[in-house]
Amino acid sequence: MPRSPDSYHDPVLLHECVDALVRGPGLYVDGTLGGGGHSMAILRALESGGWLEGSLLVGIDQDDEALHEAGSRLAAYPGRAVAVKGNFQDIARLASREAVQKGLEPRARAILLDLGVSSRQIDRAERGFSYMRTGPLDMRMDSSASTTAADILNDADERELAAIFFRYGEEPRSRAIARAVIAARMKHGPLSSTEDLADIVRSVVHGRQPSIRSLSRVFQALRIAVNRELDVLQRVLEDGVSVLDEGGRIAVISYHSLEDRMVKQYFAAQSKCDWGPKGVGLREPLSRGTLVPVTRKAVVASEDEVRVNPRSRSAKLRVAEKTGGVQ
């Protein structure tokens, strides 16, 4: 897949998302706008299908740089696309507001969530997301948020740090790394840079490949903790489904097992029917599920896409469709 000319990073599983979501006119919501790559592809598909008239794409992001980049691209579709600053946990309110202002029904035809950190954010050392670049221990998706990675590393005790590294990073050496962080704080004072943290992890986990894996897990864990990503994901799944129209679809791209597991379990739980107590033998369920999985299992990137865009290697796409069941 060639690099998209209108995105500041390669949008992952682009064709798979468009094929699953674009099926007619209506309200389309990109809850993780980023550079606008997915949104632009959706708009082009709507245009080529003759569905642009009567459609609106709402792109949501809390990153000011992303909004600036994507907003300039969405301007190519005046009146049909809008970039909105906000956290995607407010997806229903933000999308409904924009739809009503444009005279559309506040029910979404499709919702897309591309989770995780964009390549642009990782590449910017001052954002503090990567152990490969020296920068401040920040890791905030929303630069106006109060808590940084440095705050957590310097304020939490050993038990709290170990819990963060284990729960959010699934790091097997979580306790040893937490002890090393506390020791470094006592010896050298507060941690301030990504290099400080990377050096601590390397002092505990030896060997190039093991240390790289642990570095990835520890930095992931801190990013999730700083941005409360799993709590937010649970809310955005519930909020997103609530604003979906009957027959509307929600597509979620995740990049690590914690996110994918949460999405899989949520879709499965919402697809179950309530047949009442065992032994009653009802002919019809008391209530039907609100979702039907469109993808039986997670969709992964092709070998060709992974070759062109290595970031797609860990991506998993799950899609579900809203039914007429009672939520």
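Glycine residues also receive a Cβ, built from the backbone N, Cα and C atoms like all the rest.
As recorded in Swiss-Prot, the features of this protein are as follows:
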- Gly36, Gly37, His38, Asp61, Phe88, Asp114, Gln121: S-adenosyl-L-methionine binding site (BINDING)
Fewest other Cβ within 10 angstroms of its own Cβ, chosen from the binding-site residues Asp61, Asp114:
Asp114
Restricting to the chain of Gln121 (S-adenosyl-L-methionine binding site) and a gap of 6 or more, list residues whose Cβ falls under 8 Å of its Cβ, or answer none.
Asp63, Arg127, Phe129, Met141
Please work out the number of neighbouring Cβ atoms within 10 Å of the Cβ of Phe88 (S-adenosyl-L-methionine binding site), leaving out its own Cβ.
24
Within the chain of His38 (S-adenosyl-L-methionine binding site), which residues six or more apart in sequence place their C-beta under 8 angstroms from its C-beta?
Pro11, Leu14, Cys17, Val18, Asp30, Leu112, Asp114
Please identify, from the binding-site residues Gly36, Gly37, the residue with the sparsest Cβ neighbourhood, meaning fewest other Cβ atoms within 10 angstroms.
Gly37
